[in-house]
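These come from Swiss-Prot:
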TOPO_DOM  1-25  topological domain 'Extracellular'
CARBOHYD  Asn5  N-linked glycosylation site
CARBOHYD  Asn6  N-linked glycosylation site
TRANSMEM  26-46  transmembrane segment
TOPO_DOM  47-54  topological domain 'Cytoplasmic'
TRANSMEM  55-75  transmembrane segment
TOPO_DOM  76-99  topological domain 'Extracellular'
DISULFID  Cys97-Cys189  disulfide bond
TRANSMEM  100-120  transmembrane segment
TOPO_DOM  121-139  topological domain 'Cytoplasmic'
TRANSMEM  140-160  transmembrane segment
TOPO_DOM  161-197  topological domain 'Extracellular'
TRANSMEM  198-217  transmembrane segment
TOPO_DOM  218-237  topological domain 'Cytoplasmic'
TRANSMEM  238-258  transmembrane segment
TOPO_DOM  259-271  topological domain 'Extracellular'
TRANSMEM  272-292  transmembrane segment
TOPO_DOM  293-311  topological domain 'Cytoplasmic'
Amino acid sequence: MSGENNSSVTEFILAGLSEQPELQLPLFLLFLGIYVVTVVGNLGMTTLIWLSSHLHTPMYYFLSSLSFIDFCHSTVITPKMLVNFVTEKNIISYPECMTQLYFFLVFAIAECHMLAAMAYDRYMAICSPLLYSVIISNKACFSLILGVYIIGLVCASVHTGCMFRVQFCKFDLINHYFCDLLPLLKLSCSSIYVNKLLILCVGAFNILVPSLTILCSYIFIIASILHIRSTEGRSKAFSTCSSHMLAVVIFFGSAAFMYLQPSSISSMDQGKVSSVFYTIIVPMLNPLIYSLRNKDVHVSLKKMLQRRTLL
């Protein structure tokens, strides 16, 4: 491909998670199982919330949106990865690669800000319950959700637009299991200063701002929980908060490891492992974490199953 610019690039080869033939089938079965759980969990959560009228509140609208984002986020990446496990040459065309990159960025960035919106919603509900229904009205909730998607679309458009101006004239093997920004830029033979600057600035905004919002929200939430007199109530609240924080730490920690570390010490092999957490593991865990201790979700699911049994 030497000497050719990006207009003549027709395809790339994805290195995948592992090049060892004996691992391909076990990895295929593992990630197929994870994807099935992700699809059932997230689509099930979204369907349950929209079919249960008593779950039509801002908290559950946010949760429904997160489940939809997680489903889309995983679907952009996992099916192609599964196909690559069972094919000899993992080829992806240039248009497919750019499309995958764009939608991956849309949903990954949207998830960052959706998690922040959900943390703010819980902060208002726990720390300012009297003002909650005024500040987090249905209109405000839908505006926040719309804003989350707009940020995702705008940031993804900027990144992908800048990627179209990059000239690819090196070895066409992408050392990753999907088309991501940093692995693609490793193949460039033109200046990528603007792209790297964008990754640093936009990445800092999309990772650090939501992270700080979530951190501040949970500091105030924990402070409020400490004032709960009931030991049982305090223990239950801490248990719920800790499970939510675990999902947040895994998502933002792995994303920060991939995008915010200096490029001189960046390792694509380590990056592939960290990417698995925020692209595949977290979308599977979120519906389990956010619904496992939720009585309203349990009641709605029980009612829906009873209705289906009667029918």
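Note: Cβ is positioned from N, Cα and C throughout, glycine not excepted.
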Cβ-Cβ neighbours of Cys97 (disulfide bond) (radius 10 Å): 20
Cβ pairs under 8 Å between the transmembrane segment (198-217) and the transmembrane segment (55-75), at least three: no
Folded-back contacts onto the transmembrane segment (26-46), same chain, C-beta under 8 angstroms, at least six residues removed: 17-18, 63-64, 67-68, 70-71, 74-75, 78-79, 81-82, 85-86, 280-281, 283-284, 286-288, 290-291, 297
Same-chain residues at least 6 beyond the ends of the transmembrane segment (140-160) whose Cβ lies under 8 Å from its Cβ atoms: 58, 61-62, 65, 98, 101-103, 105-110, 113-114, 117, 121, 181, 195, 198-199, 202, 206
Cys189 (disulfide bond): tally of other CB atoms within 10 A of its CB: 15
Within-chain partners of the topological domain 'Extracellular' (76-99) [C-beta distance under 8 Å, separation at least 6 from its ends]: 6, 9-17, 24-25, 27-28, 31-32, 34-35, 38, 107, 160, 163-164, 174, 177-179, 184, 279-280
DSSP helix/strand/coil residue counts for the topological domain 'Cytoplasmic' (218-237): 15 helix, 0 strand, 5 coil
Distal contacts, the topological domain 'Cytoplasmic' (47-54) - CB-CB under 8 A, six or more residues away: 60-61, 63-64, 67, 296-297, 300-301, 303-304
Contacting positions for the transmembrane segment (272-292) when only residues 6+ beyond its ends and CB under 8 Å are counted: 17, 31, 34-35, 37-38, 41-42, 44-45, 63, 66-67, 70-71, 73-74, 77-78, 104, 108, 175-178, 180, 243-244, 246-247, 250-251, 253-255, 257-258, 298
The topological domain 'Cytoplasmic' (47-54) - residue tally per DSSP class, helix then strand then coil: 7 helix, 0 strand, 1 coil
